[in-house]
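Visitor: Once you've had a glance at the structure underneath, I'll fire off some questions.
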């Protein structure tokens, strides 16, 4: 809006012109009223004229018309206007020819062969109109003086020792004797003095191959370089220290192919990338994590762009065959889309929230400069005490889903012997609730598991240990480390903001990390889900938090400005990898997460947001499984796509340039004024520590083992975790099914004559954990497991699999041996598919000689052993690793 | 010394006849892995099982008979240098003594480092970025010092290797740190030893003698291929001409980018002069994979082709047959469906293979492919000879004049074959003389 008060040099309208494809050079002349667009199929001179009150591109001449034959002179690789003679310009060609053109009677004035290879860049000397500098692929940069009489006019040749070709050159606008060069395969930028051709006066060391350069017009010793490493660096060329660090560093979105400083603000630099990004970003070098503005007028890769001299208008050509003239006001100011509030949850149990600071210079400046009319209450409301406090006290649970790694059982040994061994080896603690005892239990049990060649079980125990026992120490450590770092980084404000907030705004890739489990499984050679997915969509990324956060006893810490940068320190490590197949689940959780924002978003256009229910992000009791999936996803699909982070209250009207509301945004403050506010200043991040709840993980794990006939493992896990989780939680998780498991296990132990162990467990349960075991042996006779298992196998609500329609108690009460036709008592076995079986001895002898079911149903029970081991899943819950399940 | 401008250094080139590359680095830094991944298509994950190489090995990179580059791998664990580098550096204060010390040790180790360096045109030094690289840098410093004495024209390419585990920032920091350390060593040693060296690596006259390029590489992505391509390109005497030819093809056919790839190794031996991007490189590599895989599945033995390829193997250029065959059998059944559908995959392949590269046995004179991508981009692949393929990136509008492109590519192919044949004759004559 201040821009509108400025004397209008040029029209601010956006207009475009259709050109042929493949244009890669665009050069406005020094007055800004003519422009040449050139490339493989183009060589046009266009004028920018006012026609019918609006500015337009008007074609003045097409140089390709005059020549019939394919002439390399007509496919310029670069164009340079003569700064002192506006009728004259030079073009370079792939054949190393330099052509001088006159636009008055459009003709080729002169043609000089300078180089043996493509000329990549030419530039007229800023003060001496007869002198021109060329940079070529053949490894030479040459100074051309048209006043000399020798044939090729070359007065000086510059060559780097590496003999690499020159990619770009630019003469310093202030000191016309100094020029900087970008070399093809070198990660250095030499600066030459035109008067001494031997060696560069100075060499800057960049990190990767540099492709482009730009001197700052207003700060003549600032040199910006950009290249393959996607980074724009701004150097102080007065500092001759060879090891100097760049003044500013900006991470761009792709290989930087062209840079240009904005004429009206010496902190702003526009950059385009080589391949990916159809946008031209204008970066404020002081704020490296978010572009100041983005020109999004093109649909395809940018060929070239240039600021129209002395204006805020940007001219650009792209592969989509358009030449566009656009004012910066038509560019998208990315920071206005940055959410005011954002939350991030990490796997280590931290919740980070960033929110606007109510009382700081930035807000005061906003108000004092009357960028916000008093009538406008939206921002005030945004910043109101009420919202801030609710936000601060935000303590709702985020229902999340965790992914359980699927362990493959490498060695299948279902023998009674191994059951004995495990029963003897595994311990279940003494009821001590401390983490230490859990660690001991887990260590012990994992050692036993390894000895018995069950690395998968070992991994399980170690994961349990990691989740429940180690996490206290982990959190203490993290708190400690995050407390320590800010002091060292505080004074480097810019770079901090660069790295610190990279993880915060939605343009950056954001991985989260959850899987302790997965990583553990990985370490023990187990089949696991590959939990990585790269969702790189043009640098956009959704933040997904997947953890369950438990609120009630959380303690909120307000972090003062000194600790602002904690965020970076922690977030870099905490990465959740999400598999595509989990996207479904995540979608659910994610939708829930944004349910309320969605509502706000619908409201936000024009109207200030509704306030009081904002922070109640999640209805803590809502069970998303109750919601039909498609309804959820359809309804919130838009919300997900548009909002990358929690947007509790977007600043109203930010996306409607034609809104009646003047822009309440601070960007006017940024131009050259000292009052530059980074987002750091306007935000006060806080960190909360919540103990993470892995209930879901445990639940799934134990269910997994129960369903896969590893009742022993499940019970031992339960017993080990009992002190940690507590009665209530376990009851809630397993809905009393676990009583049965324990009882069955005790029963099994007894049947296998492990009476001591059975007694130990009974005692442990009754005395230490107060588990009510109403042991009544008459209830649990021979068919006990099947009777007990069928109801337990109905997963409470999550399971979509229809539960067995059989009435297990009636059909299975008398399990008849198929061989001898006598009801089975004690241990017997049956096929997991056809449910036929009988006494172990009978069945064993039968299958010594047969493959088919002894009952005569035709099922080849024995074959299943080899076929279906891998694809065992919930749907085949009765199948086991061996064709027969031992039961009693 | 290899020179982009070509002509003036022709004499030198032909005398050398075979550019040679010395691949070295500390033990377990990944030298053998790199070779296996590039030259024998080993899966990167398999390389961890490789044993360390005990002795000097030699490998040849050759695109048919066009290019002939010798790659020598000098194992890191050989005691080519005294164990205490510091003593040799401090011993260097006394003038020329130190290099001779090195020499005796080199010979004692079984390999004459000096001779190796004298013979080679470039040294690829591999630094394990995940390891402590101080020792590695010390060794590199010694090699460079020795190399500067015996063969000042060597290029040094430092691969900062195994960077796949590092974050973007750590990569840059590592590279910068290594760069600075090397520079410091030269600043120190040159300041201490003799004054003429001082000018050679000081800031104002940056590395007048020594050329060190840094590449961040990893065998788990395409960066190693790209870095190796750069090294190979620098060694190719014909690179300047190839680049010129490609540029010419670009401007004549309205193509955006053009690459000349070795099918077998996915090394690009030449590109046009536009700035390269790893993404395009990856795209081209994937296209080669696609073509080879498709051809291996659907390729059928063709009697004509067998003859054809055999002729090609004999002479590496049998233009009349190739041209005739091309015009008669090129069938580009255009299928303008969207996405990344391969449109033309020539099914005619040779059943028997007489060359030593097995992967190229389905790649023959009629191999060509056009892939249309979203975003109005298309890829155009055409065989040049049995080992080389031209890959062009172009806008799909340009394909409307595909006949022109085909013709131009055919001309280009002819020129390239001529160029290499000329080169070969040159080197042969110089060898025989």
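Any Cβ shown, glycine's included, is placed from N, Cα and C.
TrEMBL does not curate its annotations; it predicts them automatically.
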Visitor: From the ranges A:412-439, A:440-467, A:524-551, grab the one TrEMBL calls region 'Disordered'.
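Guide: TrEMBL lists region 'Disordered' for residues A:524-551.
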Visitor: Which stretch, out of A:481-512, A:577-608, A:609-640, is listed as region 'Disordered' by TrEMBL?
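Guide: Result: A:481-512 is the stretch TrEMBL calls region 'Disordered'.
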Visitor: According to DSSP, how is the domain 'WDR59/RTC1-like RING zinc finger' (A:816-864) divided among helix, strand and coil residues?
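Guide: Split by secondary structure, the domain 'WDR59/RTC1-like RING zinc finger' (A:816-864) comes out as 14 helix, 9 strand, 26 coil.
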Visitor: Give the mean pLDDT for the repeat 'WD' (A:223-245) on the 0 to 100 scale.
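Guide: It averages 85.
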Visitor: For the repeat 'WD' (A:223-245), DSSP counts of helix, strand and coil?
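Guide: Output for the repeat 'WD' (A:223-245) reads 0 helix, 11 strand, 12 coil.
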